[in-house]
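See structure below.
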Amino acid sequence: MSQESSNGKKPTIPPYMKAISGSLGGVVEASCLQPIDVIKTRLQLDRSRNYKGIIHCGSTIVRTEGVRALWKGLTPFATHLTLKYTLRMGSNAVFQSAFKDSETGKVSNRGRLMSGFGAGVLEALAIVTPFEVVKIRLQQQRGLSPELLKYKGPIHCARTIICEEGLLGLWAGAAPTVMRNGTNQAAMFTAKNAFDVLLWKKQEGDGRVLQPWQSMISGFLAGTVGPVCTGPFDVVKTRLMAQSRETGGLKYKGMVHAIRTIYAEEGLLALWKGLLPRLMRIPPGQAIMWAVADQITGLYERRYLHVAPS
């Protein structure tokens, strides 16, 4: 029997538990899917079309740079995923509590969309942009010899960017990142809840713990819409983050200019470069993250929000 509050509202999971569940899910996801992210970045930066596709790109990296090159940028990637999911899950829970109906305690789909968008914007500005700038600069480096690499590691990379481009250099590509993450999270949180209800009849606060495979299916499906809708923002974000001022004037002056330039020089489909590896990384990543997060929050529900039936 569930422990409901005196006014009939269902108990809810506190934001800090959502944040913890997200952080642990992020660690597992980063470890599993880093190679796909490296391939995605290389394909998006491949203006001369050296890579023929995902498999060719991956095999070329392994052949010319070694297997470990597929995990380039793992440290900032894992750290940024952990912090990102902590902030995303926690802030989304806070925003949802603000949008809850005062009488029923339920959150409308509009409230979920706005909460997700707010969480995406917050994570984009506070965490995602500077970490991805460092990650992309490290990933775009080619070569096996460490002494030939401009950036020796994440910290050295960040310090070099600050020295050469100023502190704001770490926030290159912030505008498309905000648009990408805000839209992604608005769709993802809304879709995840919808799939949980539609497929498994799972409602938050009902005391049921989804099986990991159920969470993975819901998370995978919820993670498919965002990449298709936000592909141009992701390509532009990568291009803006990858360029540096050391070679003279910047090729792209901002988000709108970058979109127009890429379209004029490379065609419309270039704005969706790297879409397939994004679809290979984001939906599986969401599946892994939600499988971990749902187990943690589900166990919390059963232990602290519900008592076992007599």
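Each residue, glycine too, has its Cβ placed from N, Cα and C.
Listed features, source TrEMBL:
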{"type": "REPEAT", "residues": "13-98", "note": "repeat 'Solcar'"}
{"type": "REPEAT", "residues": "110-198", "note": "repeat 'Solcar'"}
{"type": "REPEAT", "residues": "210-299", "note": "repeat 'Solcar'"}
Query = How many helix, strand and coil residues does the repeat 'Solcar' (210-299) contain under DSSP?
reply = 74 helix, 0 strand, 16 coil
Key: Summary of DSSP states over the repeat 'Solcar' (13-98), given as helix, strand and coil counts   = 72 helix, 0 strand, 14 coil
